[in-house]
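In what follows, a structure is listed as structure tokens, so that the remarks can point back to it.
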Amino acid sequence: MGARASVLSGGKLDKWEKIRLRPGGKKKYRLKHIVWASRELERYALNPGLLETSEGCKQIIGQLQPAIQTGTEELRSLYNTVATLYCVHKGIDVKDTKEALEKMEEEQNKSKKKAQQAAADTGNNSQVSQNYPIVQNLQGQMVHQAISPRTLNAWVKVIEEKAFSPEVIPMFSALSEGATPQDLNTMLNTVGGHQAAMQMLKETINEEAAEWDRLHPVHAGPIAPGQMREPRGSDIAGTTSTLQEQIAWMTSNPPIPVGEIYKRWIIVGLNKIVRMYSPVSILDIRQGPKEPFRDYVDRFYKTLRAEQASQDVKNWMTETLLVQNANPDCKTILKALGPQATLEEMMTACQGVGGPSHKARVLAEAMSQATNSVTTAMMQRGNFKGPRKIIKCFNCGKEGHIAKNCRAPRKKGCWRCGKEGHQLKDCTERQANFLGRIWPSHKGRPGNFLQSRPEPTAPPAESFGFGEEITPSQKQEQKDKELYPLTSLKSLFGNDPLSQ
């Protein structure tokens, strides 16, 4: 880390740490941002040592700038960091990243005007391509530098690790900046596997070449002396043209950018391959119930990059589907933010969704709702007994304990009626009859008991055998009539054992 952090020192380091990441924000640049930028440059096969000078930063910006429109957020962050570092090296005072980008744009406009003025002074109104790998040597001739093994190695690693995921396209665009058709074919030939994808790419290139030939027919007649022939589709693809012809077309007046044209054809084919390797539609990207919002956004934008649509359509997809396909928890939060919320605000608001604390809160709310629903259902069915009955002591009459645990002196007599001679279990006060009704004590015994027992007032008449003989059955019937009036319950219970 020490070598990477030594890019700035002294006063430059102080200026660096005073620049804010965003206008009005609290966070400022630190050494860790330079270390991160160095590692990212190594990923893109660029020399991290270029960060030590303003000219090196300018070269890095020239390589990254063409891929900004189609690049990832990491690529844009890297570009912003290098632009800010360039301003620090040049001694330009800036307060934040936005101001550094504006200063950088002003510098580029000034350099373009100077180049145009110099070309006008020399009588050459055309801008000669100075892009790598076509450079101008000391003699003023345009020569070609072969693509470096380091660049090829970076391209092969991307294919091996990412296959043909959407991020392969901006990586290819960055690595092939200013390349000739021969260099582009070298990059494609280094891909060992995925031959089915390579065959699809060849078919797309052939289709684009045929379309070029249809739109640019060959002029009849011989070619004028000192004039170059016009490139055909196969010439642009590098199959029927030499390296010298390709350089001549790219540096002629006016130039024919055969390298850029061929590069566009390859990107069209790569888009088809990416769509084949990523068959998931953006409409199918939905956030799982426990998936963090950050992972959902990553999957969404990765699939969105593979979609073959205009930028306006992609913007509409982002504004609509990103919120619509979120899970219910995040969707509630995102709708509360409003339609003008930025992606940063969305990710900050949904940061805790799906975590342990959020799960506990959701579970507590669900349990509370379930308890309330069960209570409501019980009350509607009439099964709700309400609060439990308060325990009351029979001995002292106080609440909160039972007579077995009572410390007061033992009450004498029955705990129900207060009379002595029997206990509570034998008390006949307020006993229910067979109908479940309480028979008041002042009305005598309950209705299912014999109300009164007839007591004889005179001895029974002796039978001397005179008159009709009374049979035992007749005696029993007569006895029943005396004991049981018409309102008796004998019909229900038979003979009352108390009467025998």
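Cβ atoms here come from the backbone N, Cα and C positions, even for glycine.
Fair warning: this is a prediction, and the values are worked out from it, not measured in the lab.
According to Swiss-Prot, the feature N-myristoyl glycine maps to GLY2, an assignment based on similarity to another entry.
Here Swiss-Prot flags 12-19 as region 'Interaction with host AP3D1'. Per-residue confidence over the region 'Interaction with host AP3D1' (12-19) averages out at a pLDDT of 86.
Feature annotation from Swiss-Prot assigns region 'Disordered' to 102-128 (among others).
Taken from Swiss-Prot, the feature phosphoserine applies to SER148, supported by similarity to another entry. Annotation note: SER148 (phosphoserine) sits in a coil segment as assigned by DSSP.
Look at Swiss-Prot and you will find 217-225 tagged as region 'PPIA/CYPA-binding loop', backed by similarity to another entry. For the region 'PPIA/CYPA-binding loop' (217-225), the residues of the chain that approach it from at least six positions outside its boundaries are 232, judged by C-beta separation under 8 angstroms.
Swiss-Prot lists ARG388 (among others) with the feature asymmetric dimethylarginine.
For ARG410 (among others), the entry in Swiss-Prot reads asymmetric dimethylarginine. A sphere of 10 angstroms centred on the C-beta of ARG410 (asymmetric dimethylarginine) encloses 7 other C-beta atoms.
If you look up Swiss-Prot, you'll see 438-500 (among others) marked as region 'Disordered'.
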Where SER148 (phosphoserine) and ARG410 (asymmetric dimethylarginine) are concerned, what is their Cα separation in Å, rounded?
107
